[in-house]
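Have a look at the structure below, then the notes.
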Amino acid sequence: MLGFTALLGGSFIASATISNALPPMVITWLRYAIASLFFVVLLVSQGLLTLPHYRDLGRYTLISLPPLLYFACMIFSLQTTSAINSSALYTTVPLMSMVMSVVFLNAKSTWPVVAALLLGILGALLIIFKGDLSQVLRLSLMPSDYLFLFGCLGMALNPIVVKKLHRGEHALVLTGWSLICATLLLTVIIAYQLPEIEWRNISVITWSGVLYLATFATALSFFLFQKACIVLSPTKVSGYVYLIPLSVIVTNMMLGQTINWQEIASGAILVIIAMAILVKAK
């Protein structure tokens, strides 16, 4: 999950960079299509590529829907909203996931877990707003922010769906076929848009962003996420999103941005404490 967090943190930057270069659903289709091709090659090399039963194809399609909803909403919303707004709203995912776990999995949450989730939200917000929580009160939400919040519901539901629908197959098979089913579904939805795209005019920066999203933030991150969902509780899995603001900051630092660590120190400490509680919780 630490690897997943690092990869997803980079996806915020990549998505914001290319969100206006292509239609949102075309970007989403490209990332899924390239990730699917990657997994087809991987499954063939491992001798795991066999056509599933039609019931399993339906199951893989259902597994693919929550993250597909999230990524589609994210790429649409980032056309008009800020990365700060999106990052702040994304901190609600673990709490959503905890509530959904109680409803759909009859999971029981303890007070230490609830306290850790609230502590994680506070820490993540302190990082996002550089230690000034008064900015939360001044946060102005646009229609696109509500769209992103709706997408966050999909991300919160994601680990629950994986845990409910996993039938013991290899993690590579689970991830590969959920990506393939999502790609086929997206192809049907956006087929009319593809002939209108001027493929030759797409910039190198845009293709670089798409390739990052496809290989790292989709193919690899999906595999890591779904593998973790099989063995960890949905609340624990979702709790790792509190590390994403730190991941974004580290990524920006690697890209040359100057970071004032004094502004985010308190938030980082709270996030680390929250994660320690969640990891130790049963």
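Every residue gets a Cβ built from N, Cα and C, even glycine.
According to TrEMBL, the features are:
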DOMAIN    5-128  domain 'EamA'
TRANSMEM  31-51  transmembrane segment
TRANSMEM  60-78  transmembrane segment
TRANSMEM  84-104  transmembrane segment
TRANSMEM  111-129  transmembrane segment
TRANSMEM  141-160  transmembrane segment
DOMAIN    145-278  domain 'EamA'
TRANSMEM  172-192  transmembrane segment
TRANSMEM  204-225  transmembrane segment
TRANSMEM  237-255  transmembrane segment
TRANSMEM  261-279  transmembrane segment
- request: Would you mind giving the whole-number mean pLDDT across the domain 'EamA' (145-278)?
  value: 87
Task: State the non-local partners of the transmembrane segment (141-160) in its own chain: residues 6+ outside its ends, Cβ under 8 Å from one of its Cβ atoms.
output: 65-74, 76-81, 85-86, 89-90, 92-94, 96-97, 100-101, 104-105, 225, 228-229, 232, 234, 237-238, 241
Task: Would you kindly check 31-51, 60-78, 111-129, 204-225 and say which stretch has the most C-beta pairs under 8 angstroms to the transmembrane segment (172-192)?
output: 31-51
- prompt: Is it true that the transmembrane segment (204-225) and the transmembrane segment (31-51) have 3 or more Cβ pairs under 8 Å, skipping pairs fewer than 6 apart in sequence?
  reply: yes
Message: I'd like to know if the transmembrane segment (237-255) touches the transmembrane segment (84-104) in this structure, counting it as a touch only when three or more C-beta pairs sit under 8 Å and are separated by 6 or more positions.
response: yes
